[in-house]
Amino acid sequence: MEPEKEMDQNMEGDHKYELQDMKKNKKKLGGIKTMPFILANEICDRFAATGSHANMITYLTKELNMPLVKASNTLTNFAGTASFTPLIGALIADSFAGRFWTILVASVIYELGLVSLTVSALLPHLRPPPCPAQENCKEASATQLWIIYLSLILTSIGIGGIRPCVVTFAADQFDMSKSKVESRSWNFFNWYYFCMEMASLTALTVVVYIQDIVGWGVGLAIPTIVMAFSIIVFLLGSPLYKKVKPGGSPLVRLAQVIVAAVKKRKQVAPQDTGCLYENREVDAAISLNGRLLHSDQFKWFDRAAIMTEGDAKNPSSLNLWRLATVHRVEELKCIIRLLPIWAAGILLVTSHSHQHSFVIIQARSMDRHLTHSFQIPPASLSIFSVLTVLIGLVLYERAFVPFARRFTGNPTGITCLQRMGIGFVVNILATIVSALLEIKRKAMAAQHNLLDKSSAVIPISVFWLIPQFCLHGIAEVFVSVGQLEFLYDQSPESMRSIAAALYWIAISIGNYTSTLMVSLVHKYTGKERNWLPDRNLNRGRLENYYWLVTGIQVLNVMYYFICAWFYTHKPLEEVTESNCEGDVELAGHRATPSKTVDDANGNGEAAVTRRES
């Protein structure tokens, strides 16, 4: 027996060393070394999306001879669809596929959409006859339009898997706990957004110019090739990635809490919240970085965590449709708290969706000469917004945050909610400037008797459009980055892909809202002096549309400030360090906030702190 015991001890020792080696290897995964591979995919996606769609209003109106309003609505509908599909991609990633495989499959689908779009631009019989004068033009046939629509649908599906997962997959490679984030001298979301804007800037300066000067075939082929390259790079980095396993369908968990609360609607919640049901083992896969603690908001849902006599009789077979843990109840509360703040971003998107349609048409009617022989492509004007974002992000990180920290004492300078509020106000100024510029542009057209000549160049420099682009850029530095960080930080850790999807869904609904507003304004503002005419913008009243958008934004800011004032941050029991290797008891049918929680690997004691995240 002694040799057998010695053999067992040796095997246990070997197994122990194997576990230690596995832990060491796991620690080596992730980190800054994975960023070139992961961000290459998102950078190429943004480059391809900007390069293929920034100038699409020109392609639809000049190459396919579509009326202005129809072309504008086509683009906003596509943008809305492309921003809604991330919810589907996020659910797939968080439920069963994981972020890595969702990104990979979606990238291939996206590439197929770009290929079909490029083919439609290269083959002449897939477009109507040219119409340089833009009068009595023959519109694209139904078949020609459907090829375009198919391309847009494929790219929308691809975007749905890429956009909600890449930012969260990249963040998974780092420790994103509050203590670690505050100790860093850089903000992940600022630099993530900086990389995206650099990709957009490259596309706006290079690809758009090629589309206008060389041709659409070459101009669309470049983004297609770049996206194919990104798929290869993303695959090469696979051995280095930290891949978080999906924790099951988040929608099912939310539904279970609601159903359990409804079933126990007649139960009275205990005064001592420590009597509510908790189970570390059940929540282990969805609370790797700490459990959510009980909060006093939305107490009606606490009924789902009340353990009745019927639940206690058979503790071994837990029915989550009847009894939910406190952590799962708090997941639902987190999502409910997020929604009012999230909704405020919808009208912000609506307010600047015109930058890719009406502003480009305005620019095409203005003097675009940079030198005697070189003209700026209208769609390339967006570079001023992108440049503002790039410069603004650096200044925000290196100048604004240290300055604000002196007054607020906050390591991040200001909170995400304050950051978003500043952006909302700046965006109002941007639309006011847009309205004033349109008044000036039409005054110059009237002064030179060009109101009835839609294709004539009005002697006013296109650089008058720069202030509104810069203001929109400043607003983006504050709102867009702040909202992305807010959604990631305040969402449950097992639902972060969905949180990123919410960011894109706000863009989706904002674009659909823009389509609705444009359609209603076009329909009900008359035929004689329509605010948004089909062909001749000089005879329209675009400035009135801008004033309408400005008024709506003012109401939206008031709504946002009320929501931000009453917002309560999520309470989180956060793992701060892990020093011991011993096991802890996981199963507990009733537990108060504990002094020990599982570490990220599910074992070991760890010091924890309760924090308002």
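Residue numbering: from 1, along the chain as shown.
Cβ from N, Cα, C; glycine included.
Just so you know, TrEMBL annotations never went through curation; they're auto-generated.
Just so it is clear, the model here is predicted, and its values are computed rather than measured.
Per TrEMBL, the feature transmembrane segment maps to 100-126 (among others).
Marked as transmembrane segment by TrEMBL: 146-170 (among others). Remote same-chain partners of the transmembrane segment (146-170), defined as residues 6 or more beyond its termini with a Cβ less than 8 Å from a stretch Cβ, comprise 34-35, 38-39, 41-42, 45, 49, 52, 60, 64, 78, 81-90, 92-93, 99-100, 102-103, 105-114, 116-117, 120, 126, 140, 188-189, 192, 241, 484, 488, 496-501, 503-504.
According to TrEMBL, the feature transmembrane segment maps to 191-210 (among others).
Beyond its flanks by at least six residues, the transmembrane segment (216-236) meets 36-38, 40-41, 43-45, 47-49, 51-52, 55, 59, 63, 103-104, 107-108, 110-111, 114-115, 117-118, 121-122, 203, 206-208, 210 of its own chain at Cβ-Cβ distances under 8 Å. Residues annotated as transmembrane segment in TrEMBL: 216-236 (among others).
Tertiary neighbourhood of the transmembrane segment (374-396): same-chain residues 54-55, 57-58, 190-191, 193-194, 197-198, 200-201, 204-205, 208-209, 211-213, 355-356, 359-361, 363-364, 368, 462, 465-466, 469-470, 472-474, 476-477, 481, selected by CB-CB distance under 8 Å and a gap of 6+ residues from either end. Look at TrEMBL and you will find 374-396 (among others) tagged as transmembrane segment.
Under the heading transmembrane segment, TrEMBL lists 416-437 (among others). When Cβ-Cβ distances below 8 Å are used as the criterion, the transmembrane segment (416-437) is approached by residues 341, 344-345, 348, 351-352, 354, 359, 464-465, 467-468, 471-472, 474-483, 485-486, 489, 543, 546-547, 549-550, 553-554, 556-557, 560-561, 564, 567 of the same chain, each at least six residues removed from its ends.
TrEMBL lists 457-481 (among others) with the feature transmembrane segment.
Residues or ranges marked as transmembrane segment by TrEMBL: 501-524 (among others). Listed by sequence, the residues of this chain that lie at least six past the ends of the transmembrane segment (501-524) yet keep a Cβ under 8 A from its Cβ atoms are 69, 72-73, 76-77, 79-84, 86-87, 89-91, 163-164, 338, 342-343, 345-350, 353-354, 483-484, 487, 530-532, 545, 548-549.
The transmembrane segment annotation in TrEMBL covers 545-567 (among others).
Under the heading region 'Disordered', TrEMBL lists 591-613.
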